[in-house]
Amino acid sequence: MPKSNTKYVIDPLSVKTSCSSEESYIRCVEYGKSKAHYSSLILLAKAILAGVFVGVCAHASGIAGGLFYYHKLREYVGASMSAFVYGFTFPIAFLCIICTGSDLFTGNTLAVTTALLHGKVSCLEYVRVMCISLFGNYVGAVSFAFFVSYGSGAFHKKEQVDKNHIFQFLNDIAVKKVNHTFVECICLAIGCNIFVCLAVYFVLSIKDGSGMVFSVFFAVYAFAIAGYEHIIANIYTLNISLMIDTEVSFTQVYFKNLLPTLIGNYIAGALVLACPLFFIYRSYYINYEKMNEPSGGSLRSISIEMKNDGGAT
């Protein structure tokens, strides 16, 4: 429990580069609460944009990884170099989403769930935000896959074997993803969204720009290189795989991968992270509400500091 003489105030002039764990949680709840204030149309636009960003960077990651999948090069560096390059390129998507204020379903599983647990959004608002976010991400990722990745022919199968390494790289990724068992896929998806939600938490905790970039980059890189399953990234990757006729089927994509990945991602954000954080920091948020009037400010421009009645702690 917070000390009786402790309160939370909004200090826009703070020079601190990071928040305490209590402050970070308060910012997370406020961030989740703000999602419900947007109209459905704005939410959809933000979600589509996030899906496009995931598609843009997944495309770039596929090309970069595929270049190192060239069979003669693999003799010297091995296939692991392709995975390293793929993972190193993909985090740019999350930096794009953060800097533009776009809306990603997987991050919402933490932030909006904490707001729901505190009663800051209703069950109906919660379902609205989560469904629009997922649908918009799907539309954005699949649209980019069709109009840019498929339309450009970047991943198409080539007649010459020496030029077929990019197609083969994507094919091998897709085949691996659909050959997990249902339970394996859920477990990999849980691991993935722990990293993604922590990346969101880092953004809310770290106020220094370079520190935020590094923390987000390595959190996302960790899940990408580990082979975890991310629903929005998989929506892009597996749908472009279907479009270019790789060795996967529609049933495998949607029922052996996307469905369990969705379940696992939600479990990670809502149950593995949101519920324990709510249990640990619930009293701090309640105290924050009692001691402070709503500021109406933007979370990007304010700092929540802990101060007592006599001055800064």
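Glycine is treated like the rest: Cβ placed from N, Cα and C.
With respect to the membrane, Swiss-Prot annotates Gln160 and Met291 as residing on opposing sides. Ranked by how many other Cβ atoms sit within 10 Å of their Cβ, the glycosylation sites Asn179, Asn239 place Asn179 at the bottom.
Here the CA atom of Asn179 (N-linked glycosylation site) lies 16 Å from the CA atom of Asn239 (N-linked glycosylation site).
Within its own chain, the transmembrane segment (78-98) has Cβ neighbours under 8 Å at 50, 53-54, 56-58, 60-62, 64-69, 104, 169, 196, 199, 203, 212-213, 216-221, 224-225, 227, 233, counting only residues six or more beyond its boundaries. Taking residue pairs at least 6 apart in sequence, the transmembrane segment (186-206) and the transmembrane segment (261-281) share three or more C-beta contacts under 8 angstroms.
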